[in-house]
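*Asks:* So TrEMBL lists these for the protein:
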TRANSMEM  B:16-37  transmembrane segment
TRANSMEM  B:66-85  transmembrane segment
TRANSMEM  B:97-115  transmembrane segment
TRANSMEM  B:142-162  transmembrane segment
TRANSMEM  B:191-213  transmembrane segment
TRANSMEM  B:225-253  transmembrane segment
TRANSMEM  B:274-296  transmembrane segment
Amino acid sequence: MTRETAVNALLLAGLVAVPGWALWADEPFTITLATRAVIFALAAVGLNLALGLGGLVSLGHAVFFGIGGYAMGILAHHAQTYTPLMDGWMTIGGTKSMPVIWLVAVLTSALAALVIGVLSLRTSGVYFIMITLAFGQMFFFFAISWSAYGGEDGLSIYVRNGFPGLNTLVPIQFYGLCLAILLAVLWASARLARSPFGLALNAARQAPGRVQAVGLDPTRLRLAAFVLSGAITGLAGALFADLNRFVSPAMFSWQTSGEIMIFVILGGVARLWGPVMGAVVFVALEHLLGGISEYWHVALGLLLLVIVLFSRGGLLGLMAGEARGHD
Amino acid sequence: MSTILIIEQVLNGLQFGVMLFLMAAGLTLIFGVMGLINLAHGSLYMTGAFAAAVTAAATGSFLMGLAAALAAAALAGALVELLVIRRLHDKDHLDQVLATFALILIFSEGTRWLYGSFPLYLDIPAALSGPVTLPGGIQYPLYRLTLIGIGIGVALALWGLIARTRLGIRIRAGENDREMIAALGVDISRLYTLVFALGAALAGLAGALVGAIQSVQVGMGEPVLILAFVVIVIGGIGSIKGAFVGALLVGLTDTLGGIFLPELFKLVMEPARATSLGASLASMAIYVLMAAVLIWRPTGLYGARV
């Protein structure tokens, strides 16, 4: 077992143990905090697929996070107001069922990722960073002016959506559901990285010319990765909206894109558990430092600075004691 | 819609554009010469605005405030370069994004800690307040007209600096091949500090000048930063000329879009819907412009061809 595997196992054990500890220590709020960390981790795992494996530095992943959020918000809003979503040649109502909402969230964010990907992948490097940022801003301003769904104020959902066989209003059950999804996606992305597609994508990042020479199209590989990546982040957005029972244009803001990227870089780019580590540490710091001082952002900033200046490969790289570049 | 309104809006767009140019010029210089993405550029803009507001309130002189803004921003820039940026050169863009994001947190919260959450105000100097009458009987605020003049003046000075002076030759050489100019005996780390301080001073100047029109508050830098990025990406990263053209395009698109899009929609739909749809499309207009430019020319208008 390498040190990285050991750190990962510890992280997993911690995530599984958190609710038990919270109940034992009588600090139920910790479960909500951990749910937040797990959902952010899922969004970051999604981004890491594009960023780590594909080398696509997207500063616009809030688009997918927001689309997932609004998929939940819009469907649940129609369900709770008993108004049809669409009333033309056929009637489609809203829903309070999580599996349906997730499906819609994944499909719509994948579709958005396809369109944005086709247009953005014409550029590369810093231009790619900026064009993805531009798409994020377009969605942000669109959401602000979309008065049918709350505009700037967002949408509140009064009761958390349901999942067959679970009572999602109980924090520990909702946490378990989110953690199960995270683990399933981690497993799938580990499989994906070792699949022929993952290997080709990895190669397309390092040597696009050679990939092309063996008859594969690097742009198509990247597009596929971008779509998958967007879909996963969209699913996280739907869960996040359900956690807060609220969606607002803030989910589309560039700060959200920045934070998702920070999770990945902080934990360790291109490492399977890197995004999870980053999200968990970020949420924990936010909570701990926030309790100490009103001006905790200064401390957080200094800490991030120290990590980026003195470690290579993020926290996981630091702990695993092995540098791994992410060129 | 009258001609006077159109001319007024064009002037507003120009004013916004030249202020964006001050931000974008520093950003594009720093990227071109040092290869660095500096998300903290907006913090330097904020530093300039705060320095100007505090100094002007203490001394009663706008000019002193302006001088303080330039000095404070340049100093902050030089310090940031010496303490942090210097160590980022051999790291990739991702680490630069994370480190400069951390700097934003430190600057913003540090400023909030020093000056509190309430906005400060910077008054327009008495000599520049009030309107002037332009040919054709158009009344336009003198201060905004002065901003256009200052912006164009700085653009010309910057062009002169880069095209005509020894420092400019080194900056251009640094953009092309930093190993080579280091090998030729130019002190590259001093050049970097200088370029960073120059970029910071330009941002600080913009912050102070705009601070008199808007309020001076924590977080004022981030929206402008995003716009400045849009500008340099449209113009082509590293190109001062591109930054100038891009800034004017963005300034005009944003200002004119907000006025004309709702009017345009009123031709085909009811006024209330036209106003809201037009306003929302107008706020997206510059991003649509940027995406369109990049799809058409993936490295911007004046960027290096790849």
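Quick reminder: no glycine exception, Cβ is built from N, Cα and C everywhere.
Keep in mind the model is a prediction, meaning the values are calculated, not measured.
Walk me through the surroundings of each of these features.
*Replies:* Sequence-distant neighbours of the transmembrane segment (B:97-115) (same chain, 6+ residues past either end, Cβ-Cβ under 8 Å): 37-40, 42-43, 46-47, 50, 54, 80, 84, 88, 91, 218-219, 221-222.
Here the transmembrane segment (B:142-162) has Cβ contacts under 8 Å with residues 11-12, 14-15, 17-19, 21-22, 25, 124-125, 128-132, 168, 171-172, 202, 205, 209, 212-213, 240-241, 244 of the same chain, all six or more residues outside its ends.
For the transmembrane segment (B:225-253), the list of distant contacts is 10, 13-21, 23-25, 27-29, 31-32, 39, 41-42, 45, 155, 158-159, 162, 175, 285-287, 289-290, 293-294, 299-304: same-chain residues at least six beyond its ends, Cβ to Cβ under 8 Å.
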*Asks:* Could you pull out which residues elsewhere in the chain have a CB under 8 Å from any CB of the transmembrane segment (B:66-85), counting only those six or more residues past its ends?
*Replies:* 34, 36, 38, 40, 43-45, 47-52, 54-56, 99, 103, 192-193, 196-201, 203-205, 207-209
